[in-house]
Amino acid sequence: FALTVSLPVSLFFFFPSFSYAVSRRIEPFYKGGRVQISRDGKFMFCPCGTKLNVIDVDTGALLHSLEQDDQEDITSFVLSPDDEILVTGSRALLLKQWNWRENKCVRTWKAVHIAPVATMVLDSTSTLLATGGCDSTIKIWDMIKQYCTHNLKGSSGVVHLVEFHPDISRLQLFSSSMDYKIRIWDLNSSQCVGVLDGHFSAVTSLAFTADGNTLISSGRDKICMVWNLKTRESKRTIPIYESVEAAILLPEQGDFSQLGVKKQGLHFLTAGSKGVLKIWEVATAVCVYTQPVPFEPVESEEEASEHSLTHCMLVPERNEIVTVSVEHNIVLYDAQTLQLRKQLAGYNDEVLDVKFLGPGDSHIVVATNSPQLKVFELSTSHCQILYGHTETILALDVFRKGLMFVSCAKDKSIRVWRMNKDGRVFCVAQGLGHAHGVGAVSCSRLKESFIVTSSQDCTIKVWNIPESLTSKAKAALISSPETLHAQVTERGHDKDINSVAVSPNDKLIATGSQDRLAKLWSCSDCSLLGMFTGHKRGIWCVQFSPVDQILATSSADGTLKLWGLQDFSCLKTFEGHDASVLKIIFVSRGTQLLSGGSDGLLKLWTIKTNECVKTLDGHEDKIWGLHSNKQDDMVVTASSDSSITLWKDVTEIEQEEAQAKQEEQIMKEQELSNLLHEKRYLKALGLAISLDRPHTVLMVVKAILKESDGRKHLEENIVRLRKDQKEAVLSFLVTWNTNSRNCHEAQAVIETLLKHEAPDNLLQYSGIKSAVESLLPYTERHFQRLSRLLQASMFIDFMWQNMKLADVSQQEDVIL
């Protein structure tokens with residue numbers, strides 16, 4: 001059972017250690033609430049807890065986040081029709097006005113409401129702001145003069161909907177609250193001048209006709225109502241047969257014939273609990289068009305809740321209709337055909353697995369804590385949602401070419417998916433057979449010939465792939481998924497099987513289980529070849545080396561182990577994780593291991609030295625997904641923290657930077673030597689400080705002091721330094737002052753700083769407090785030493801004077 005590729009590992013140890021850096025993150029940017037798109041259609045605003053995220057619609061990239069200082073959740077926000085004013089309201093009962101392009105808060109004021117603001121709207125001139133609160137009141141704010149102009153009372157319960165009449169000359173505001181009535185407020189008199197009563201559940205949207213005389217309201221009572229605003233009476237009630245979250249009037253201009261609009265007159269679009277867009281004709285109350293959807297439409301709203309739409313809006317500049325689903329997916333459709341143009345996933349929940357996909361690894365496929373798969377195009381962030389499984393998808397694997405992949409789920413099934421030339425993914429096969437949820441899957445490596453799965457029922461199954469699925473021409477003709485049948489079934493372990501892997505030559509299968517054992521099986525008949533024993537807790541992952549007869553395992557005991565396939569012995573053990581090691585892969589052409597733990601840390605290990613060469617902190621929770629691309633220069637990780645991180649190999653970049661830095665250091669050192677030789681001390685001092693070389697700076701100071709008038713020259717040079725350079729010298733002289741041989745230079749610099757810098761200026765220096773605390777004791781010690789030296793010198797002088805006096809008296813005696 002030896003592998004076809006059997007090169008000695010030692011041959012591969014000459015490659016440099018790889019290093020990874022974050023290239024991109026795919027993180028939650030929307031967690032529910034109202035979504036708005038700028039007038040020009042370029043920017044999308046999505047609330048996400050305490051932040052309001054600004055998204056580039058074309059690329060799906062997060063441009064920046066407007067974050068509340070008070071760290072309170074944003075309850076509502078509004079962007080003005082001219083895109084100039086953005087106002088947010090939070091649970092802290094504060095309103096903030098933002099210059100959103102520069103990410104600056106320009107004004108903050110109290111909302112005056114005694115409960116959070118539930119909704120807000122700006123009028124067409126962007127001068128009046130209306131806020132509806134959970135305290136049953138509505139406030140009107142003058143945005144120019146910056147004060148509250150109206151306090152409208154009379155609503156019942158939370159005011160969740162406010163809209164200005166499009167004709168600003170009427171000065172009317174429409175609102176709805178928990179009594180299901182639509183109130184009309186006259187802003188001239190601050191009175192409620194009309195009540196539109198007809199809904200029996202919450203009113204969700206209001207749409208005005210161009211002339212301003214007709215209003216269409218939608219509600220969760222499964223109806224839309226058409227109102228005559230002149231008489232303030234209902235003209236028509238249209239049954240929609242689902243809870244309606246939004247109703248949008250189609251523009252009078254534009255060709256909507258593909259949406260069933262054949263006659264002149266009012267038509268509107270509805271979005272609701274069934275997740276399907278519908279076009280209705282007002283005159284006949286008939287649905288003229290129902291959008292085709294990729295999932296099976298159901299009549300029961302409870303079953304359809306995962307597809308429900310919560311918001312819908314028209315973006316005229318892009319000629320698109322935007323919908324937001326209850327699962328936080330934001331979809332952009334062509335307004336005249338309702339063909340999908342783009343889809344963005346606002347929130348991924350817990351990510352359970354991730355794999356690169358596509359011939360050039362241009363996509364990633366993601367399994368989240370749901371029955372749907374998400375396929376992201378990395379260049380545009382466009383997300384396809386794949387329906388098919390009925391329970392949470394647990395694991396994924398991709399065939400070598402990157403066009404086909406397999407998913408397995410708690411619904412006891414597996415599904416095979418294929419990507420066509422235009423990047424669309426569809427299901428080509430499905431298989432049933434396990435008695436419990438299928439927790440692990442692995443594909444054949446050489447050809448698209450078979451799949452191996454393992455389950456909580458403790459069995460492993462081998463499924464053959466029919467030739468009709470591997471042929472592009474035949475696969476294109478498949479109209480419905482083929483049914484797969486397991487060719488071999490074997491009970492493999494006594495507990496749940498967590499991982500399964502196929503060897504590079506398609507001849508061996510490895511499994512890892514909660515029973516702390518890893519096992520090796522023959523691929524042809526699932527006969528047991530051997531067991532690997534040694535882990536103290538359950539095994540989470542098994543992986544074959546791409547270059548040698550080695551199996552790697554990771555365990556809940558926090559260790560990784562390498563095993564020989566010939567004798568099943570443990571070759572190496574890697575210790576360093578403080579938590580369970582959930583995933584491992586071979587990287588750097590098989591010379592290194594990359595492991596992901598339940599603490600959110602990635603560790604890079606060099607096999608030859610058993611050394612952890614790098615720890616990467618990219619997640620805050622368990623890392624369930626870990627995969628490298630075909631070029632072995634990029635890694636993707638997925639975690640329970642709802643984020644997906646792409647890591648790029650930056651080994652060459654780091655080496656080039658290090659080499660460039662080294663060359664620059666050599667050049668600077670040579671330049672410093674030249675400057676000292678030429679006695680250009682000011683430049684030499686600045687260069688030594690920039691090199692962050694305290695000893696070199698000391699040598700320059702000593703060289704200056706050796707000159708005639710050295711103190712004067714030192715003083716001149718120190719004074720001419722910049723503030724940051726003086727701060728650096730201050731930090732250096734703290735070290736110099738600890739040594740009696742260098743204390744004179746340190747004290748000379750201190751004297752200069754104290755003489756020429758005002759105390760207030762010195763107090764502004766960074767680290768001044770710690771510097772003074774360090775300087776004082778050593779300076780006192782030097783002072784005491786010099787005092788003792790002075791005393792000793794005075795004693796010598798006294799002795800010398802006495803000796804001179806004795807000598808003089810002797811000479812006098814001789815003369816006498």
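Note that Cβ sites are derived from N, Cα and C of the backbone, with glycine treated the same way.
Mapped onto DSSP classes, the domain 'U3 small nucleolar RNA-associated protein 13 C-terminal' (669-803) shows 111 helix, 0 strand, 24 coil. What TrEMBL records for 669-803 is domain 'U3 small nucleolar RNA-associated protein 13 C-terminal'.
Across the repeat 'WD' (110-143), DSSP helix (H, G, I), strand (E, B) and coil residues number 0 helix, 18 strand, 16 coil. As annotated by TrEMBL, repeat 'WD' applies to 110-143 (among others).
According to TrEMBL, the repeat 'WD' annotation covers 152-195 (among others). DSSP assignment over the repeat 'WD' (152-195) gives 3 helix, 23 strand, 18 coil.
Counting same-chain residues at least six beyond the ends of the repeat 'WD' (196-237), those with a Cβ under 8 angstroms from any Cβ of the stretch are 160-161, 163, 165-167, 170, 174, 176, 178, 180-184, 243-249, 252, 266, 268, 270, 280, 282, 285. TrEMBL lists 196-237 (among others) with the feature repeat 'WD'.
Model confidence over the repeat 'WD' (386-420) is summarised by a mean pLDDT of 93. Look at TrEMBL and you will find 386-420 (among others) tagged as repeat 'WD'.
As annotated by TrEMBL, repeat 'WD' applies to 431-473 (among others).
For 490-522 (among others), the entry in TrEMBL reads repeat 'WD'.
Within the chain, the repeat 'WD' (532-573) has long-range Cβ neighbours (under 8 A, six or more residues past its boundaries) at 1-3, 5-9, 12, 495, 498-504, 508, 510-520, 579-586, 589-590, 593, 595, 597, 605, 607, 610. What TrEMBL lists as repeat 'WD' is 532-573 (among others).
Per TrEMBL, repeat 'WD' is recorded for 574-615 (among others). Sequence-remote contacts of a segment are chain residues at least 6 beyond its ends whose Cβ falls under 8 Å from one of its Cβ atoms, and for the repeat 'WD' (574-615) they are 9-10, 12-13, 15, 17-20, 537, 540-541, 543, 545-548, 552-562, 621-628, 632, 635, 637, 639, 641, 647.
Summarising the annotation, TrEMBL assigns repeat 'WD' to 616-648 (among others). Under 8 Å from some Cβ of the repeat 'WD' (616-648) lie the Cβ atoms of residues 20-28, 347-356, 361, 364, 366-367, 376, 378, 402, 582-585, 587-589, 594-598, 600-604, all in the same chain and six or more residues away from its ends.
The signal peptide annotation in TrEMBL covers 1-21.
Sequence-distant neighbours of the repeat 'WD' (431-473) (same chain, 6+ residues past either end, Cβ-Cβ under 8 Å): 391, 394-401, 404-416, 418, 482-506, 509, 511, 513, 521, 523, 526.
Ranked by number of Cβ pairs under 8 Å to the repeat 'WD' (110-143), the listed stretches 152-195, 386-420, 490-522 are led by 152-195. For the repeat 'WD' (532-573), the DSSP counts in helix, strand and coil order read 0 helix, 23 strand, 19 coil.
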